[in-house]
Amino acid sequence: MTSSAVPSLFRLSFLLFTLQVMNIGRIGAATRFYQFKVQTIRLTRLCQTNEIVTVNKKFPGPAISAQEDDRIVIKVINMTPYNTTIHWHGIKQKRSCWYDGPSYITQCPIQSGQSFTYNFKVAQQKGTFLWHAHFSWLRATVYGPLIVYPKASVPYPFKKPFNEHTILLGEYWLKNVVELEQHVLESGGPPPPADAFTINGQPGPNYNCSSKDVYEIQIVPRKIYLLRLINAGINMETFFTIANHRLTIVEVDGEYTKPYTTERVMLVPGQTMNILVTADQTVGRYSMAMGPYESAKNVKFQNTSAIANFQYIGALPNNVTVPAKLPIFNDNIAVKTVMDGLRSLNAVDVPRNIDAHLFITIGLNVNKCNSENPNNKCQGPRKGRLAASMNNISFIEPKVSILEAYYKQLEGYFTLDFPTTPEKAYDFVNGAPNDIANDTQAANGTRAIVFEYGSRIQIIFQNTGTLTTENHPIHLHGHSFYVIGYGTGNYDQQTAKFNLEDPPYLNTIGVPVGGWAAIRFVANNPGLWLLHCHFDIHQTWGMSTMFIVKNGKKVQESLPHPPADLPKC
């Protein structure tokens, strides 16, 4: 590249970023309209051409951009043979629970040939979020970024970056993911690992037939860049790093944090993280790498990293790419180190006087096979059927909209008896019952727990070792929560240390392998909200429950009527 080309590219990069900011930087709230056509395309990856489900024929899907307090209206048209819904991960949906998106929880799926219009405000929210399908495992390819910028008069609480880029970390399967989920359910065994990791849909040169399938960012030397990281994967937690560059975390799950600088980060599925990177190295090409964090034992997983390029403008074509170094796949210390560094930017109002205490165990189960065909043997441990649970209750997905049943006071579809503590107390991590499949059974049910509006809630999530303990990404719809503590082993109220001054405010928490995590939040959003593990396989197996927040005394504290075009089951 000639020296005269460098300033031209410099000006172009800055101009594009400025136009993007100007486009959303108007004064006052706006209404932003989008149309999502859910449709299949033929896509070639890893030496094979397969049919995948996309939005607007894009993989990854289109970006949604808005400004704090804007209204977003998205008409979703389902042009595929599969049912679908869209969830707006991290958007609280204040008084708009009907548009949250999880299938059979807040709505019936959008059936083939049908449409549904989502309509909600991003009230008092800004930052990096994610939209994705919330039916079966379709979010393997149906996902994209949802970026909410601060109001025009509100600056970032850090130095304004020269430019920004969105980095979507994904998993790619060559098989049809809807059929794959069905096969896993029928077999009772574990799922196969993804065929590749991807960065913005590209696997990079470590995979077959992928030497040219490499995402690349053009970087101006000595400038500061904001990278919006999103883990859109469905069954894997992942590390991310850039060769020879330091990453400064400034936001997680749409909430500002105190700046924390590290060499690598780990994101659980559904988590978002904004990082600042300074282009302070010698002009050249540097690897951005994504690789697995797998804390469970005896689990098959994809262990080939995805690679993208962080390329300085002015680098020569024959420059050797500087390789990035990822942690080993089970580096629990690297994960804890990053988590220890997360603090809310300012002092926060953590609930002190708690109205409801919950203790929820999370883990895997092995149920008896109970195959209808005696010749078909289940492929779980000791020929059992793998399951998952919260407080040993394995969630059974209904075939109606639970929110609609709750609103219309229909009986027989769910119960209000989800236990606030496990039935039995034992050494959850080390002494779990493991006589498969006699004492690893889970009870089945579609159960919820009810909170009064404004209740102050504390939940202890306790990892269990019934089969294997691992880092579980637990996501709460409709609310964010303060992560006030976490640790290894069994939770002990006498020794647990809580941060009540500046804990991070998240919507998805990785409950540590062989450990526990404590959260607090105020139940101030009326409706019915899903709590679940964000590994799709664990949600498929039943690691979910539901929180019902009752109406308050005022109209603005109450769930509105359902929309007229709400899909039918």
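Using the three backbone atoms N, Cα and C, a Cβ is placed for every residue, glycine included.
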Query raised in the report: Looking at Swiss-Prot, His132, His534 are annotated for Cu cation 2. Which of His89, His183, His479 sits in that same site?
Result: His89
**Report entry** From His357, His472, His477, the one annotated by Swiss-Prot with Cys533, His538, Met543 for Cu cation 4
**Finding:** His472
Query - Which of His165, His532 belongs with His134, His477 in the Cu cation 3 site listed by Swiss-Prot - result: His532
Report task. Write down the residue from Asn78, Asn438 that Swiss-Prot flags as N-linked glycosylation site. Result -> Asn438
Report summary line: Counting across all protein chains, other CB atoms within 10 angstroms of the CB of Asn319 (N-linked glycosylation site) number 15
Query raised in the report: Sequence gap of 6 or more, C-beta under 8 Å: which same-chain residues meet both conditions with respect to Asn208 (N-linked glycosylation site)?
Result: Leu46, Cys47
Report task. Quick one: of the glycosylation sites Asn83, Asn319, Asn392, Asn444, which has its CA closest to the CA of His475 (Cu cation 1 binding site)? Result -> Asn392
**Report entry** Count of other CB atoms lying within 10 Å of the CB belonging to Asn444 (N-linked glycosylation site)
**Finding:** 14
Query raised in the report: Among the glycosylation sites Asn83, Asn392, whose Cβ has the fewest other Cβ atoms within 10 Å?
Result: Asn392
**Report entry** Cα distance (Å, whole number) from Asn319 (N-linked glycosylation site) to Asn303 (N-linked glycosylation site)
**Finding:** 27
Query raised in the report: For His87 (Cu cation 1 binding site), what is the secondary structure by DSSP, using just helix, strand and coil?
Result: strand
